[in-house]
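Colleague: Quick one: the structure is below, and I'll ask about it shortly.
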């Protein structure tokens, strides 16, 4: 039974197929003017790199099914003069490769001239037009300050190259119209003034390479008869049709006139930041490959090494940054950027939550450690009070200041019990029975219980034996006066009444903490000290039970 289109089974089957099926590789989309490699990490290369004799794609698909033309010349790292094979007036683009790291290409678009200069591959020279009006000699000094001179020409191709260039620059124009006149490096010397002016062209500055000389010039309308040397002006046209047909003329003008001028200098190494590089230094040539590193040799980049960058992940259309190596700009539609922003937001939220949880855990650990420390101190204080039994005094213990060494000092919460007032053992682990520490027994144990309640036992001072004697073992027989007549009359305190129970006597004895001494017989006025008790003998000594 085939499930219906709107059934849940069909939907689950469709989702299962989408999950199991391997996603197809997105179609490569290269910009116009680029060749799409069939495979590998390199997907798009410039179209002129196809069939140039050197494979660029990893699968060498750019060199497949290519006719052999011989126009592309691969060169190795060996001693190769990069100027070999150059023909003046020919194709200015050449491809050179170096067997170091990745293949490298050289062409006329690589910066060999500073900004504002036009490079001509035929003579390896750079040209620039200065539109500021100066006389001939000032113009020559300006060209010398930029390591050049007023332009001269060695071939017709070089002259055509200069005439075909667009010299419009953001500078103040001097007398700019559809035609222009430029000071160049020639001078016309007058040799005779018979029927007409006769003379010849000469190079204004000695030391210039072999050049061709212009044809007969057009003289200025106003000429001084005293002038024997005139300076050359090249007249060219700004209109594109006339310029492309190489229309020009030569004029002999007074050297004091002000005009624009054309400077010429040898090509030089220029880095990607438009800085001139000296001979023998490493630099990144000016161009569209910021990952190229070369050595400057005779104004050209040689011994170059290029870095191969990995294509950006998650981006189908991208463009290289012309100023920074291995930096790309994604050209995908805005949809991917929306997902990227959402992913960035989710990462930010997850980071905030993780940071909050970690901080909370740290705070809880600090609080728990402080709580355990407080509980430990409280347990130490409670154990101290329990061991010393400050609420009730124990019989037989000495509570004087020397009883415990330094006495009892209050234990504060700041005292952790280590090296402070008291010395305690570490607290026991949790969930175990607490073991009380061993206590040292006193040297003099307390008297037994029977001795403490025996009325016959007395404490006496041996030094008082001369004045007192111990009481006889048996009490005298009572007389008519009863028990009170049998007791010595010099004692102030009477005995406890007969009806007092033994338990009350024990309680009174336990609560007593002072040693009672007999009063001074001299202070008693009721009975004379010389009165002898009945029965004869010495005066009996007063005795009371003393219990600590």
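Cβ from N, Cα, C; glycine included.
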Colleague: With Swiss-Prot as the source, which of 310-328, 329-347, 348-366, 367-385 is set down as transmembrane segment?
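Modeller: In Swiss-Prot, residues 348-366 carry the label transmembrane segment.
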Colleague: Note down the number of other Cβ atoms within 10 Å of the Cβ of residue 51 (disulfide bond), including every protein chain shown.
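Modeller: Cβ-Cβ neighbours of residue 51 (disulfide bond) within 10 Å number 18.
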Colleague: Just to be sure I understand the packing, how many Cβ atoms besides its own are within 10 Å of the Cβ of residue 263 (disulfide bond)?
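Modeller: Residue 263 (disulfide bond): 26 neighbouring Cβ atoms within 10 Å.
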Colleague: Should residue 51 (disulfide bond) be counted as helix, strand, or coil on the basis of DSSP?
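Modeller: SS state of residue 51 (disulfide bond) = coil.
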Colleague: Cα-Cα separation of residue 30 (disulfide bond) and residue 66 (disulfide bond), in Å?
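Modeller: Taking the Cα atoms only, residue 30 (disulfide bond) lies 21 Å from residue 66 (disulfide bond).
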Colleague: Counting across all protein chains shown, how many other Cβ atoms sit within 10 Å of the Cβ of residue 37 (disulfide bond)?
Modeller: 22
